[in-house]
Amino acid sequence: MKKADASARARELRDRIRAADHAYYVLDQPLLADAEYDRLMHELQALEAEHPELVTADSPTQRVSGAPSERFERVVHREPMLSLGNVQSDDELHEFDARVRRLLGLPDGEPVGYVVEPKLDGLAVELVYRDGAFTSGSTRGDGVNGEDVTANLRVVGGLGANRGVPHALEGRPPPRVEVRGEVLLFKEHFEAMNRQLVRAGEEPFANPRNAAAGTLRQLDWRVTARRPLSFIAYEALLPGGDPWRTHWEKLEELAAWGFETNAENRRCRGLAEVLAYRDRMAERRFELPYDTDGIVVKVDDLDWRRRLGAASKFPRWAVAFKYPPQEEATRIRRIWASVGRTGVLTPVVDFDPVRLSGAMVARATLHNEDEMRRKDILEGDWVLVRRAGEVIPEVVKPLPERRTGAEQPFRFPAECPVCGARVVREEGEKVYRCTGAACPAQLVGRLCHFAQRRALDIEGLGEKLAAGLVERGQVKDFADLYAVPFEVWQQLFSRPRKEQDAGAARELPEKSAQNMVAALERSRKTTLRRFLFALGIPQVGEATAATLARHFGDLARVMDADEEALKGVRDVGPETAAEIRAWTQEPQNRRVVERLLAAGVTPEAEVVEARGPFAGKTVVLTGGLSTMSRDDAKAEIERRGGKVSGSVSRKTYLVVAGEDAGSKLEKARSLGVRIAGEEEFVRLLKE
């Protein structure tokens with residue numbers, strides 16, 4: 001592959017992986033199947049290995065994914081909570097073992113001692129104990145910064161679901177210890193909880209991982225207390241270093257302090273025993289009381305671990321082996337087209353229900369016509385399906401040997417199944433679109449996009465409430481939301497609970513309506529970048545919205561910018577500039593924006609805090625940072641009134657030197673410019 005093509009492909013892969021990371025770790029809504037995510041990550045790793053110059057400090061291959069949510073206080077982990085590299089074949093496990101042996105300088109034939117355990121599918125957390133008492137707890141977040149969920153962790157296990165988070169340690173614990181482990185829902189508790197939700201007319205959770213993550217990150221700890229979460233410990237860290245010789249001794253100590261450790265943990269001498277354990281667990285995985293999608297292999301000797309160390313993202317002494325997804329055969333009942341907010345018709349497959357990874361599954365999407373044709377999927381086909389990553393239902397392939405001749409290809413409708421408008425597929429596009437400007441399905445999708453957390457954050461306004469507003473003719477555009485009478489909200493919340501949104505409040509209709517009105521009132525005060533993202537302008541995602549907000553500063557300048565001005569914005573190309581200009585000059589869109597402003601929605605520019613050590617100063621970044629991406633560092637400096645430059649001069653205030661800093665560092669030294677390492681830079685940001 002030519003360097004230019006490799007660079008473009010690497011950039012595309014990084015963007016897709018970052019989007020998937022955000023959806024999985026921050027929103028708790030998986031975007032990609034695990035197998036697809038792993039394929040993209042492996043492709044990016046291979047590209048960067050072949051072209052080392054393409055490696056960027058903020059590449060997903062260089063740091064743990066999952067930035068902490070803005071809803072909780074940020075916590076800095078004393079030691080980073082690194083994620084694990086994953087492998088999917090015997091060859092890769094052999095490579096891991098060989099690498100460990102090579103780095104340790106072990107003679108041929110000397111086996112490595114490992115501890116192996118099931119890979120739990122929950123939420124990784126850290127608990128801090130002082131003098132045996134639980135004092136604080138946080139999520140892993142991005143590995144360096146997590147979220148403070150102390151109040152919620154205090155009630156994990158409060159229903160007696162299993163051994164939870166001890167408030168006080170047993171035996172003789174050290175003065176301070178950090179305990180790491182997984183918060184999860186056992187299968188029986190998950191199923192019981194979902195039965196209760198269904199009986200109450202509420203939406204059940206899709207899987208135990210989403211349920212555990214969503215429960216632990218509730219703002220109200222009482223919600224967490226009502227759900228049967230469990231905690232399983234697998235790591236302990238002492239400020240002065242490990243007093244234990246092996247990881248196994250550490251696990252025994254954790255049990256002595258009162259923690260639940262995994263009963264399936266085993267010690268193995270050499271890789272052959274690891275492989276035998278892997279095979280046994282693969283056979284038993286669906287019999288276990290919790291969801292698991294693989295095993296974790298860890299070097300047992302703690303001195304060896306210290307010698308092996310860690311790369312920027314993964315420890316060198318551990319790896320996760322992931323099982324291939326479970327697949328089952330079933331028969332397609334029908335294929336139909338759903339309509340999204342942009343008018344795109346997506347083929348949806350309904351099939352006979354099958355149990356996959358402990359859950360009943362009966363529906364999957366096929367993305368577009370090309371994928372359906374490539375997979376050769378026909379209505380009436382027998383197909384193999386799986387829950388890729390144990391989460392997202394996916395049609396893998398048809399079973400043509402079981403065809404009877406009655407199967408038929410699916411044809412996209414000529415008219416929209418919702419509004420009856422003409423459906424078209426433009427030349428060069430992969431998707432069919434509804435051309436109806438007033439299509440109710442598109443309007444519902446746009447309203448949900450407008451109300452989502454990353455846009456105007458109208459809490460409780462989901463698809464079913466939006467559909468109710470559209471059905472009543474109450475809302476025809478975003479601005480109408482702010483004119484919905486209180487009694488209409490009451491009527492919507494008076495419907496049977498099974499018809500309400502899963503995320504909506506579960507109080508009396510009047511209280512729920514009051515909450516919705518309050519959420520709408522809060523949404524009136526927003527930032528320019530959130531507002532621009534909420535409008536759903538074609539090709540304007542969060543990143544582009546933020547760039548436009550920073551470049552233009554106020555809404556009027558964005559709305560009046562011509563194509564040339566838009567092309568002058570960083571990362572906005574000709575196609576995106578044309579799309580933005582076309583949208584802003586459409587009279588109906590301008591009327592909606594004017595009505596939103598008249599309704600009291602005030603999109604304010606980002607406030608620049610022109611104070612502190614960076615105010616009015618020029619800063620240069622060089623090398624990779626482990627605690628944040630280069631873009632994040634740049635944004636933090638600019639938010640404090642500083643300017644980030646790409647070159648060093650005598651006017652440069654500070655050069656921030658990360659890992660593998662290059663020629664800019666040498667030039668700074670020659671000019672006598674102040675140099676700060678990452679630790680000092682983070683400290684300066686806090687001043």
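Glycine residues also receive a Cβ, built from the backbone N, Cα and C atoms like all the rest.
Per Swiss-Prot, the feature NAD(+) binding site maps to ASP34, ALA35, GLU36, TYR37, ASP38, SER83, LEU84, GLU117, ARG140, GLU182, LYS298, LYS322; the stated evidence is sequence analysis. Counting every protein chain shown, 17 other Cβ atoms lie within 10 Å of the Cβ of LEU84 (NAD(+) binding site).
Sequence annotations record features per position, and here Swiss-Prot assigns active site, N6-AMP-lysine intermediate to LYS119. Take the CB of LYS119 (active site, N6-AMP-lysine intermediate) and look out to 10 A: across all protein chains shown you find 21 other CB atoms.
Counting only same-chain residues at least 6 apart in sequence, those with a Cβ under 8 Å from the Cβ of CYS439 (Zn(2+) binding site) are VAL339, GLY343, CYS416, VAL418, CYS419, ALA421. Per Swiss-Prot, Zn(2+) binding site is recorded for CYS416, CYS419, CYS434, CYS439, and the stated evidence type is sequence analysis.
Sequence annotations record features per position, and here Swiss-Prot assigns domain 'BRCT' to 609-687.
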Zn(2+) site, defined by CYS416, CYS419, CYS434, CYS439: further same-chain residues with Cβ within 8 Å of the Cβ centre: VAL339, GLY343, PRO417, VAL418, GLY420, ALA421, VAL423, THR435, GLY436, PRO440, ALA441, GLN442
Around the Cβ of ASP38 (NAD(+) binding site), the count of other Cβ atoms that are within 10 Å: 16
Cα-nearest neighbour of LYS119 (active site, N6-AMP-lysine intermediate) within the listed binding-site residues, ASP38, LYS298, CYS434: LYS298
DSSP-derived helix, strand and coil totals, residue by residue, for the domain 'BRCT' (609-687): 28 helix, 16 strand, 35 coil
DSSP state at CYS434 (Zn(2+) binding site), helix/strand/coil: strand
Distance [Cα-Cα, Å, rounded] between ARG140 (NAD(+) binding site) and CYS434 (Zn(2+) binding site): 42
Fewest-neighbour residue among binding-site residues, criterion Cβ within 10 Å, set CYS416, CYS419, CYS434: CYS419
Integer Å distance between the CA atoms belonging to CYS434 (Zn(2+) binding site) and GLU36 (NAD(+) binding site): 29
